[in-house]
There are 4 protein chains.
Amino acid sequence: MTSEENNLKADLRFFFMSPCEKYRARCQLPWKLCLQLLKIVLVTTQLVLFGLSNHLVASFKEENSLAFKHLFLKGFQGAREDGNSFAVYNRQDVYDSMFYAINQYLQLHNVTVGNYGYVQDENNLTALTVCKQLYVKSPPVPSENVNRSIIDSRIETVSLVFLLYCIGFFRLVQIEISFRLKGIDLQAFQYNELPDCYEFLITITFDNTVHSGIIKIFLDSDAAIQECNDWDISDSLSKSSHYILIFDVFIMLICLMSLILCTRSIILAISLQKRFASFFLRKYNFNVCLSDRLEFLNGWYIMIIISDTMTITGSIMKMEITVKNLTTYDICSILLGTSTLFVWVGVIRYLGYFQKYNVLILTMGVAFPKVLRFCCCAGIIYLGYTFCGWIVLGPYHAKFENLSTVAECLFSLVNGDDMFATFAELQEKSNLLWLFSRLYLYSFISLFIYMILSLFIALIQDTYETIKKYQEHGFPQTDLYTFLNDSTEIPNISRYV
Amino acid sequence: MTSEENNLKADLRFFFMSPCEKYRARCQLPWKLCLQLLKIVLVTTQLVLFGLSNHLVASFKEENSLAFKHLFLKGFQGAREDGNSFAVYNRQDVYDSMFYAINQYLQLHNVTVGNYGYVQDENNLTALTVCKQLYVKSPPVPSENVNRSIIDSRIETVSLVFLLYCIGFFRLVQIEISFRLKGIDLQAFQYNELPDCYEFLITITFDNTVHSGIIKIFLDSDAAIQECNDWDISDSLSKSSHYILIFDVFIMLICLMSLILCTRSIILAISLQKRFASFFLRKYNFNVCLSDRLEFLNGWYIMIIISDTMTITGSIMKMEITVKNLTTYDICSILLGTSTLFVWVGVIRYLGYFQKYNVLILTMGVAFPKVLRFCCCAGIIYLGYTFCGWIVLGPYHAKFENLSTVAECLFSLVNGDDMFATFAELQEKSNLLWLFSRLYLYSFISLFIYMILSLFIALIQDTYETIKKYQEHGFPQTDLYTFLNDSTEIPNISRYV
Amino acid sequence: MTSEENNLKADLRFFFMSPCEKYRARCQLPWKLCLQLLKIVLVTTQLVLFGLSNHLVASFKEENSLAFKHLFLKGFQGAREDGNSFAVYNRQDVYDSMFYAINQYLQLHNVTVGNYGYVQDENNLTALTVCKQLYVKSPPVPSENVNRSIIDSRIETVSLVFLLYCIGFFRLVQIEISFRLKGIDLQAFQYNELPDCYEFLITITFDNTVHSGIIKIFLDSDAAIQECNDWDISDSLSKSSHYILIFDVFIMLICLMSLILCTRSIILAISLQKRFASFFLRKYNFNVCLSDRLEFLNGWYIMIIISDTMTITGSIMKMEITVKNLTTYDICSILLGTSTLFVWVGVIRYLGYFQKYNVLILTMGVAFPKVLRFCCCAGIIYLGYTFCGWIVLGPYHAKFENLSTVAECLFSLVNGDDMFATFAELQEKSNLLWLFSRLYLYSFISLFIYMILSLFIALIQDTYETIKKYQEHGFPQTDLYTFLNDSTEIPNISRYV
Amino acid sequence: MTSEENNLKADLRFFFMSPCEKYRARCQLPWKLCLQLLKIVLVTTQLVLFGLSNHLVASFKEENSLAFKHLFLKGFQGAREDGNSFAVYNRQDVYDSMFYAINQYLQLHNVTVGNYGYVQDENNLTALTVCKQLYVKSPPVPSENVNRSIIDSRIETVSLVFLLYCIGFFRLVQIEISFRLKGIDLQAFQYNELPDCYEFLITITFDNTVHSGIIKIFLDSDAAIQECNDWDISDSLSKSSHYILIFDVFIMLICLMSLILCTRSIILAISLQKRFASFFLRKYNFNVCLSDRLEFLNGWYIMIIISDTMTITGSIMKMEITVKNLTTYDICSILLGTSTLFVWVGVIRYLGYFQKYNVLILTMGVAFPKVLRFCCCAGIIYLGYTFCGWIVLGPYHAKFENLSTVAECLFSLVNGDDMFATFAELQEKSNLLWLFSRLYLYSFISLFIYMILSLFIALIQDTYETIKKYQEHGFPQTDLYTFLNDSTEIPNISRYV
């Protein structure tokens, strides 16, 4: 055995060791592992802190939006439980609702219990605008005996400032009342934080696009966060935000370190793999197969790299949000959330070093491609049912209204949820549809629950038994492991960490 | 080996090849496969287009129906969540509701926000009719001390035009107010489509058939689509519908081609099967068994033929609907939907050509008859429970009111849905019924979930293991495959595609 | 081999034959089987007919009960969805509700849309009674500074006829307003049936037993069916009921026949078993073991006997109900329903004669005692959780209020239903209870779903594999079958049918 | 074989016998078993008795709390079904609600139907207090053009007695109206129990901490139980509570006996184990392994000891509660409930002595650590998903609002509950969030239901088969059992019970 071969073997063996074995072999502290564990604690703490302050902002917006609905919509009594929107059905109610909204706006300071203020433009005028969209020409009234009327699908927009003439309902497409209000989130005081100032853009839409005798009313409040410029802030308030920024920077440094270490490991792995492949080619005139090459590429490292990149990006965004430069809470929370998920999933890797946990993790790993492959088959039938249900039942039932809800409804049915409710909703239509819906639901549910879910269990069980047999009688050997195992020398020199 | 035998073997082997093997054997492009893949894309596109326009029509009708209820029913406040119908309970409310409906009809133009018009008959009179059904003779009032009153079950119908005398509630069976309104679906403008004109037949029924002190009020609006004859339509509108018609014709041609190809394959298969059978009879004096004969009949082709026939029929109906000759949306959508489902399911066939997917598809195929057979056994017990639950619990609980809802409720219970709600609904009756309902539900659910669902899993798992063993050690050989496999010559001449 | 032994063997073999084999052996028509199949059809028809008329009666009562609530309860707006009862909270509302009910009763004929009449007693007085229960002595008012008041738990009942003095709310236990109304179910006309007359006993209870500041109002309407004596009934009406009675008698005869045949089979089986046992004792000096003796006792026959007895009893009750002698719909429907369930389950026996169905039926039969045994183990833990949940969570949450609902709630949880709702309901209490409820629910659900349900599947799967192995390699032999199988003579004389 | 060895073996064998074997070996009545069975009956009876009286108290408090809401909150119409709290949205409503509450309090005796009385302090004044919290300095009104206002986060509390000046809504944090009422639970009379006197502390809070335009109104009623000191109680009432106290003492004695016996058994077991270990060390110079040592420590005894300790503590608390010294119903019910759960679970031990039940109990025992270990793996992924869902979806959806509800929601999803509702709730937000929520839910549900639940089944099934194989071919032998089984002498002298 040449010295080159011995060196290679020593390096390879060290490379495929678990942290415990490395520790035993070289008494080297597994500080990459420690770094990861520290990261879990830090990243989770950061997430919880961000989440708590985020929830305050969200609930403030939510409550203001609800308060506006109660203030400006006449007869509003809370969101409808059946998902229908707030609507009016006759002309008097349309006029009443409009005047009510405008009136409430005008006497806002006497009415509201919130801290709102008008937004004034450069001319010191408050900016309530009423704006209606009409068909340019009146479409033909169905009952009139006109001989030939010309249909014209163009729409014009007329803006009214504080004057409401008679609305031509035949031509009307929609009316929009919009105005701006200022607000301040005083609640932040109690958490020793800087209060945010808000500018709400409130839009009340009377929607008649369908022309079906219903005018739906939507109130939309868009909140923009602004810095409260003109105020002196007591010292204690500003200090607490400094600590948070420092903490974020610290997390970024930890993640950067972890990122660098993992990248280094991957680069070393690739170079080792090349060395191994060229050695094999030279000695045995034999190309190392792909699966052996992939053994070198540790999937966990890739996951850690992705997770670290997300944490760093997220932390930068979080800092920008803290100092009120950005308001993209959603993207930041998706970045931080996903990275935390990955960090936690990464813990499983360390559990896999224990023998007893290993069976389960190996089973999941081996069964995963099989399950995916089977999901693929089942998914095709599923897609067929989705399209079929959408086209036939869609026009009559809310649950089948668009493709995504059909997919969700079927997914719930497969997992045994919401079955009777779905049956009940598909009740009171024509006989043909009733029959179709029964055939559709019974066949779908039976097929998926009795055949496909059972097959999943069979798949997993088969894999579990295979893995257990392997653990008792040895795994099938690849070239790499055959090469590694036919020498017994303990490596003492290695460049790999 | 005779030349005839060689030819037959070559033909047979070619016949049972997968597209890939055929391609390798004869460098023949698998264009039947390509045609099917193209069909999936086209049929799905057609379905989505049809669905989108269909939903607009359906939502327009739905919203009008809701608008009518708010316009003509006094005190209507949205559909009741507990499924009960809208009803009145005393005489004054009946009169009020009737006059309200008539009054709203008369002043429709001042009240509604929709574009409705009266429908006038030849005498230029608007056609509101009030019509009541009465028992011919007044049934005996329970409290009167008449000695012998004669019960007469005949019913007479009295039509009132705009005059409402005192209603004799004792004799009253039902009152019906009906009238027609014209409408127009202006929304279509925004999608560059031709607007449809509608004639709504609105029927308000005061139902007293049960004579139980409740008069239920139903509003039924029947929408008939009519062409808007008298209008000039701008050019851009009419053009878009042309493109859709051309697209439909194109799909029909593709499906026709696929239909012809598959029919041809089946005919060739049958003739090959006959040749094979007669060869066997002649040479070995031996009748080929049924299962071998069925091997020739490819189930997938039959499914494609059914699917193609449905697509073609559906496309013709769709074209008729587009040009407003037909309004049978439901039948058309069932045809298109089912054919799309079949087309998608057909994809599984091509997945079966890959080794790894094959296990799953084979397992499902082999387990299917077993599961059906078992469903049969379980179904009988299920039917028994259905009848038993209907007769005993039916009179007291909405879920058990008719046989189909009992079946649905039990089906949901088997799959673990709606259990507590069902228990809770069967709560507050006599002790005997309470005890019966508990025995009934506990025994049914335990039997089905713990025994029958588990047996399904056992069935599938057993099949999966059998198939895996077959794949490793070879499938049991039939005469056909024995015949095929004992020669090694590669076929080079074949009439089969 | 002696002739006695031969005879015995022939008889035994014939006894253990399936109907098909008997037919082949003796060309004897399996008319017992035909009788059973006929019975299924007839019994199901009878059940459906009875159910349909039963539902009419039930819905009439239900609707009347609802109508009374709308008529006599002030402010009633349909049953509350949250299950709470109708209640008033201040004194004025109590007085208002009482006077409203009495007033509506007095002017009933002007108000109601139903056909109600007053019930008059012998003195021609209508019988509305108002009746209040009071504590004999006023309990101490909490705020009064009396030194020593004597608590007296006796209750007196004071009856008021049409005079309402000031109610002493401190002493009040409950007020009851009750009266009777006559009604007639005219709906029956439309089904060509005899109409029933009803006497409704309506009781409105103002319940103050808890003295908690809430007075709950219950309206209870008890309907008693009476024959409408004094009326001439047209001929066509009375005829249809005759046909039904004849049909019932026919079914009773069929069931009687089936009952006699099965009893005879069981008697013959017992005598054959005795003969066999004494023969064994004589010849081999050997007692036949219990399981062999039980082989003779066909469980299916016992089920048929029970089912027939129930059908006959039920049919007699049904006939009595048809001629209005009895009104025990509930007991009759339980008898007929259960017998129908048994008749349908009996069909499985005939499916067991086919080889392929047999595996499944055998598996279910063999697994049944194992599952029961395991249910027993699980049931004990279940019972412990039920008691524990009831005592701790009962006072705070409706679902845990009494032992039966706790059991139902836990049963639903085991089967994956209503989980989030249960968690959510156990939300807003003290921290200790919150923690306990979480531990309780997570541990219960995990234990039952992940351990016990999985064990059920393991049980069934193991049984299924055992049965399949038996079918391939033969069942374990008992003495009886060893005896039967060591001779090959075909029996030609047998007394057994 | 020495006499010492023989003695030890005899003692060991006797120690590891089941009660039946002990009975057969020494004709010794298994009175420890009888004691446990008696305990089950007694403890369950005690629990039911306590529960019944506990429910009365709880429902009285609950109903009073509801009555107070109806009395003092203007416009209250029952708890909102959508979980939102009762709230007002404009200034007039705040004033109205406050005056309404105070007014109702003043005329309480004319209004309420409950037996309430005012609580008077030493100055004979009724103690209604109105108290408001304000920011010390008015925060800046958003619209005012002040140059630099100073934000001051201090809050002052102002107490108003019956005088309400104009509320400064800008500065207002919250208003609190609180008063005390006396009540008496007369219902107890009907159960022959002593009536309790209550003092209710009612607090109505107008909460404006969020300053979002919504003022939430909470009514909190705190009930303190007091003895009704000044009353003569009739003799029959006081007697019944004596019997209950005697019963409790009896149970405590039984539990004490069981506690002593089990402690003695454990002490004997430990001494036997030491004897065995020292014998082994002496004779074979061999340390007994840990698992053999643990065989001596009977887990059931430890459970019984815990259960008995809890029952005794609980019974003492229950007696204190009966004589009205304590009101800690919750802790007492948790103690009694948990101990009853343990007592019932203990029954399983005795079932384990039957051969057929043993398989199941052994399987559960052996599978338990495996399932726990796997739960650990799954739990980590679960935790990752919990954090991720909370941070991203938390601000928008009630179900994801805090970490515990996220965990509960995901747990329900895993078990197939509430799936469609969760999908539907995550519907109407920005596209990015919609996409994220779909990915999140589909991946989570698929992973857990199709992979992890199936793996549970595989785990249990594998264990079940292992145990069955052991039962047929013998369990793996440990040193202890090898030692025990190589002698056949029947022990006749033993110190162990």
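The backbone N, Cα and C atoms fix where each Cβ goes, and this holds for glycine too.
Automated prediction, rather than curation, is the source of TrEMBL annotations.
Positions annotated as domain 'Mucolipin extracytosolic' by TrEMBL: A:57-159 (among others).
Remark: secondary structure over the domain 'Mucolipin extracytosolic' (A:166-228) totals 6 helix, 36 strand, 21 coil, with classes taken from DSSP. Under the heading domain 'Mucolipin extracytosolic', TrEMBL lists A:166-228 (among others).
What TrEMBL records for A:331-467 is domain 'Polycystin cation channel PKD1/PKD2'. As a summary of secondary structure, the domain 'Polycystin cation channel PKD1/PKD2' (A:331-467) carries 119 helix, 0 strand, 18 coil according to DSSP.
Per TrEMBL, the feature transmembrane segment maps to A:155-173 (among others).
For the transmembrane segment (A:243-272), the list of distant contacts is 11-12, 15, 32, 35-36, 38-39, 42-43, 46, 49, 296-298, 301-302, 304-305, 308-309, 311-312, 315-316, 318-319, 322-323, 495-497: same-chain residues at least six beyond its ends, Cβ to Cβ under 8 Å. As annotated by TrEMBL, transmembrane segment applies to A:243-272 (among others).
Per TrEMBL, the feature transmembrane segment maps to A:300-317 (among others).
Same-chain neighbours of the transmembrane segment (A:329-351): 19, 33, 36, 39-40, 43-44, 46-47, 50-51, 54, 57-58, 300, 303-304, 306-308, 310-311, 313-315, 317-318, 321, 357, 361, counting only residues six or more beyond its ends whose CB sits under 8 Å from a CB of the stretch. Positions annotated as transmembrane segment by TrEMBL: A:329-351 (among others).
Here TrEMBL flags A:371-393 (among others) as transmembrane segment.
Per TrEMBL, the feature transmembrane segment maps to A:439-460 (among others). Residues 363, 367, 370-371, 374, 378, 381-382, 385, 388-389, 392-393, 410, 413-414, 416, 419, 422-423, 426 of the same chain lie 6+ residues outside the transmembrane segment (A:439-460) yet bring a C-beta within less than 8 angstroms of a C-beta in it.
Counting same-chain residues at least six beyond the ends of the transmembrane segment (A:371-393), those with a Cβ under 8 angstroms from any Cβ of the stretch are 400, 402-403, 406-407, 409-410, 426, 433, 436-437, 440, 444, 447-448, 452, 455-456, 459-460.
Only residues 6 or more beyond the boundaries of the transmembrane segment (A:300-317), in the same chain, are considered here, and those with a CB under 8 A from a CB of the stretch are 36, 43, 46, 248-249, 251-252, 255-256, 258-259, 262-263, 265-266, 326, 328, 331-332, 335-336, 338-339, 342-343, 345-346, 349. Restricting the average to the domain 'Polycystin cation channel PKD1/PKD2' (A:331-467) gives a pLDDT of 85.
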